[in-house]
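**Q** Got a structure for you, questions after.
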Amino acid sequence: MHLGHEEFQRTDGRASTGPADAGPAGAGRAPRIGVGGPVGSGKTALVAALCRALSSSLRIGVVTNDIYTTEDADFLRRAGVLDPERIRAVETGCCPHTAIRDDITANLDMVEDLEADTGPLDLVLVESGGDNLTATFSYGLIDRQIFVVDVAGGDKVPRKGGPGVTGSDLLVINKTDLAPLVGADLDVMARDATAARGARPVVFTSLTADPTAADVTAWVRAQLAELSPRGGSYDASDASNASQPLNRM
């Protein structure tokens, strides 16, 4: 089932605050950032890092996606990165990209229920289940999207492209500490990522070396300064690196 961006119908009687409120100044809802990428690239670890870095100043909620389990949500709860009530899980029962792009009903309902149950939030992170390089989010569900790949797949990954690599708002190349172990050339990855994305930003990171994901956190703060429906109350003073096309960790 494919849903367009004009009409979304809930089945539980609650009013949808989705696409009609999408984009900057969406009335009555928090900005939403999607985090996608292949299995094992570090999506959940990045979500955890963002929660740790931002939760002292922002009210954050998280919705995870897995095909048959709640594994990623369970991990985040055990890690204590947020109040457990602010972490919700969608079991898609299908290919991950279907639930974030083709039929976003389950995710949209979960995000809306999260906000209705916990009160006003400043940011909702929606983590996709692990998928391939073609996975992208519908902008009826999110306002910005981060795509995470890692060096363990080899330095050819940015060159292979795909909508996630070329079209995401931020490309994160993760696990740079593993590059010497797998023979990945970070300079090649930087060159190919820049060629594929043009001016769209790319961040290299290692959550082992930098558990706060400082460059990604700065980029998120910069997006919130743009997207905030609450009058631009976010401090983007630490986001100076976010405008740079390439940051190496």
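Backbone N, Cα and C atoms are what each Cβ position is placed from, and that goes for glycine too.
Among the features that Swiss-Prot reports, GTP binding site is placed at Gly37, Pro38, Val39, Gly40, Ser41, Gly42, Lys43, Thr44, with the record citing sequence analysis. Residues or ranges marked as compositional bias 'Basic and acidic residues' by Swiss-Prot: 1-13. The compositional bias 'Low complexity' annotation in Swiss-Prot covers 18-33. Residues or ranges marked as compositional bias 'Polar residues' in Swiss-Prot: 238-249. What Swiss-Prot lists as region 'Disordered' is 1-34, 229-249.
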**Q** Helix, strand or coil: which one is Lys43 (GTP binding site) in, per DSSP?
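**A** SS state of Lys43 (GTP binding site) = helix.
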**Q** Say we define neighbours as other CB atoms within 10 Å of the CB. Which of the binding-site residues Gly37, Pro38, Gly42 has the fewest?
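**A** Counting other Cβ atoms within 10 Å of each of the binding-site residues Gly37, Pro38, Gly42 gives the minimum at Pro38.
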**Q** Quick check: with Gly37, Pro38, Val39, Gly40, Ser41, Gly42, Lys43, Thr44 left out, which same-chain residues have Cβ atoms within 8 Å of the centroid of the GTP site Cβ atoms?
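**A** Neighbours within 8 Å of the Cβ centroid, excluding Gly37, Pro38, Val39, Gly40, Ser41, Gly42, Lys43, Thr44: Gly130, Val148, Asp150, Asn174.
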**Q** Tell me whether Pro38 (GTP binding site) sits in a helix, a strand or coil according to DSSP.
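**A** Pro38 (GTP binding site) sits in coil per DSSP, no helix or strand.
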**Q** With every protein chain in view, how many other Cβ atoms are within 10 Å of the Cβ of Val39 (GTP binding site)?
**A** 10
